[in-house]
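Taken from Swiss-Prot, the feature substrate binding site applies to Thr32, Gly33, Ser34, Thr35, Asp85, Gly86, Ala87, Asp88, Lys98, Gly99, Gly100, Gly101, Lys125. Per Swiss-Prot, the feature active site, proton acceptor maps to Glu107.
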Amino acid sequence: MTQDQLKQAVAQAAVDLILPKLDDKSIVGVGTGSTANCFIDALALHKGTFDGAVASSEATAARLKGHGIPVYELNTVSDLEFYIDGADESDEHLNLIKGGGAALTREKIVAAVAKTFICIADASKLVPVLGNFPLPVEVIPMARSHVARELVKLGGDPVYREGVITDNGNIILDVHNMQITNPVELESQINAIVGVVTNGLFAARPADVLLLGTAEGVKTLKA
């Protein structure tokens, strides 16, 4: 199977997993990126069976609306049963690196609210140790140099992602060359740097379920 076919398979598996648990009052949290887009397209075939969605980015909101799915502001939603999103990397404990699409802060907020975080990814994203994929850090623009110096002290090699402004008006530093053996601790350390909005480690709140697309079919991993 191609990578696109694997993404479509895990997206459909996520729809199949949540659909029996949705009703006309249900609101679904939706992530950002190519795999999340596959999920949106698959979910749209059932748009009459649930109320609407909360989007983790402007791009996701536009795609949902394009399918005729109502999009709600998170502040107006009291209950979010599911959040479905892709990942750039996952370890066996379902700690994730996310943020390749620069939507990490809003993704982390929606994931924090949801009762169940379902990650959908192809098999190439499952790794023994996080860090081969550069770790994105969202930074207040005036703090870029300060944050970069602090990230070097933590053992990383930060690179400014040129030409990228987040939906929140901030910039991204991608931290290379980190072997992340304690993701919970590192997530906290980076977030404690003044000027950091958040970083792409999802370890304090990891995924609850990982639907992994493989050549043999979709495998389900749980934290």
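Cβ coordinates are placed from backbone N, Cα and C, and glycine is handled just like the others.
Features per Swiss-Prot, on structure.
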residue	record	DSSP class
Thr32	substrate binding site	coil
Asp85	substrate binding site	strand
Lys98	substrate binding site	coil
Glu107	active site, proton acceptor	helix
Lys125	substrate binding site	helix
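In this record, substrate is bound by Thr32, Gly33, Ser34, Thr35, Asp85, Gly86, Ala87, Asp88, Lys98, Gly99, Gly100, Gly101, Lys125; the longest C-alpha to C-alpha distance in that set is 16 Å. Within 10 Å of the C-beta atom of Gly100 (substrate binding site) sit 21 other C-beta atoms, taking all shown protein chains into account. Of the recorded residues, Glu107 (active site, proton acceptor) and Ser34 (substrate binding site) place their C-alpha atoms 14 Å from one another.
Its Cβ taken as reference, Ser34 (substrate binding site) is surrounded by 13 other Cβ atoms within 10 Å in the chains shown. Minimal Cβ crowding within 10 Å, among the binding-site residues Lys98, Lys125, is found at Lys125.
The Cβ neighbour count for Asp85 (substrate binding site), using a 10 Å radius over every protein chain in view, is 29. Around Thr32 (substrate binding site), the same-chain residues six or more apart in sequence whose CB sits under 8 Å from its CB are Ala55, Ser56, Ser57, Ala59, Thr60, Asp85, Gly101, Ala103, Arg106, Glu107, listed in sequence order.
Excluding the listed site residues Thr32, Gly33, Ser34, Thr35, Asp85, Gly86, Ala87, Asp88, Lys98, Gly99, Gly100, Gly101, Lys125, the same chain places Gly31, Ala36, Ala121 with Cβ atoms within 8 Å of the centre of the substrate site Cβ atoms.
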